[in-house]
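Engineer: Supplied in structure tokens, the structure appears directly below.
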Amino acid sequence: SMASPALLMRVVASAYSVAEKAATIVRNVMSAGDLGIVEKAGPNDLQTKADRLVQMSICASLARKFPKVTIIGEEELPTGDVTEDLIEDGHCEEILKKPCPAQYTGIKEEELVIWVDPLDGTKEYTEGLLDHVTVLIGIAYGGKAIAGVINQPYYNYEAGANAVLGRTIWGVLGMGAFGFQLTEAPAGKHIVVTTRSHSSALVNECIAALNPDHVIRVGGAGNKIIQLIEGKASAYVFASPGCKKWDTCAPEAILHAVGGKITDIRGNSFQYNKDVKHMNSAGVLATLRNYDYYASRIPNTVKESLVP
């Protein structure tokens, strides 16, 4: 008989199905028309009914299957009973069939930390910029992002009434990433993707120093990493403390799985162990290729104003 799949592959296979369920919840909340918007820290820090329901669905579904895994979600929510209609018990068979990279075959449940952003790009979601929205499930081991799932609930939404909505991208370090067409940005072009709703003098000073040919301003960390792996942008640059571990864990695993690189603005890698602080207070610098080119052009004044 076949050996049963390694824990990591079972977690990723479940996270894939859990993310697809999350996407359905996101679309259902939007089509029902009552977003239930709550301001958290201010008008650019929002929470909707979709953020709340999706986080409950993801965390409860994964905790039921993997009770010893640490799961950290963005939203502060009461730990009440989650209704059965929010539980996803399925998994992606295709993922279970793939062999686990050797370095991860011995992982135990209690060694994994899962970072969950139930709806990355909430502000854009409330404004109808639906292609910016992602659901992020990042899986960390030994403080490193080693696997991730990014679901885009509204992928293809501008393709007309009969288009199939949504897609799920997933990846594991040492194996690669799947569910999209890996594409490099145009050679010799410096296209920077950055924040849409959290701009500042520092953010703009940093971008100006890179002398980009073009700047794309979009919401969501997941969405920005997708811009890199699909060749629409050559660097993701965010010289500000706004982004958190649940924003970067899944995207980092996918980017690293295809040979890209993400750090803070000062070049430090992110840590994802369960006791780490949630804020990535020294910003983000990420590329699929040519990381050193961009890193070498970040001004020292910018680096000095961002303290890890």
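Cβ atoms here come from the backbone N, Cα and C positions, even for glycine.
Copying in the features that TrEMBL gives for the protein in this structure:
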BINDING   GLU74, ASP117, LEU119, ASP120, ASP247  Mg(2+) binding site
Engineer: Going along the chain, which residues six or more apart from GLU74 (Mg(2+) binding site) have their CB under 8 A from its CB?
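Structural biologist: Those within reach of GLU74 (Mg(2+) binding site), by Cβ under 8 Å and sequence separation of 6 or more, are ASP51, GLN55, VAL116, ASP117, PRO118, LYS244, TRP246.
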Engineer: CB neighbours of ASP247 (Mg(2+) binding site) within 10 A?
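Structural biologist: There are 27 of them.
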Engineer: Return the single residue from the binding-site residues list (ASP117, ASP120) that has the minimum number of other CB atoms within 10 Å.
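Structural biologist: Counting other Cβ atoms within 10 Å of each of the binding-site residues ASP117, ASP120 gives the minimum at ASP120.
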Engineer: Non-local Cβ contacts of LEU119 (Mg(2+) binding site) (under 8 Å, 6 or more apart, same chain)?
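Structural biologist: Non-local contacts for LEU119 (Mg(2+) binding site): VAL26, THR48, ALA50, ASP51, VAL54, TYR125, VAL133, THR134, VAL135.
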Engineer: Using an 8 Å cut-off from the Cβ centroid of GLU74, ASP117, LEU119, ASP120, ASP247, can you name the remaining same-chain residues around the Mg(2+) site, in sequence order?
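Structural biologist: Once GLU74, ASP117, LEU119, ASP120, ASP247 are set aside, the remaining close residues are ASP51, VAL116, PRO118, GLY121, THR122, THR134, VAL135, LEU136, GLY220, ALA221, GLY222, LYS244, TRP246.
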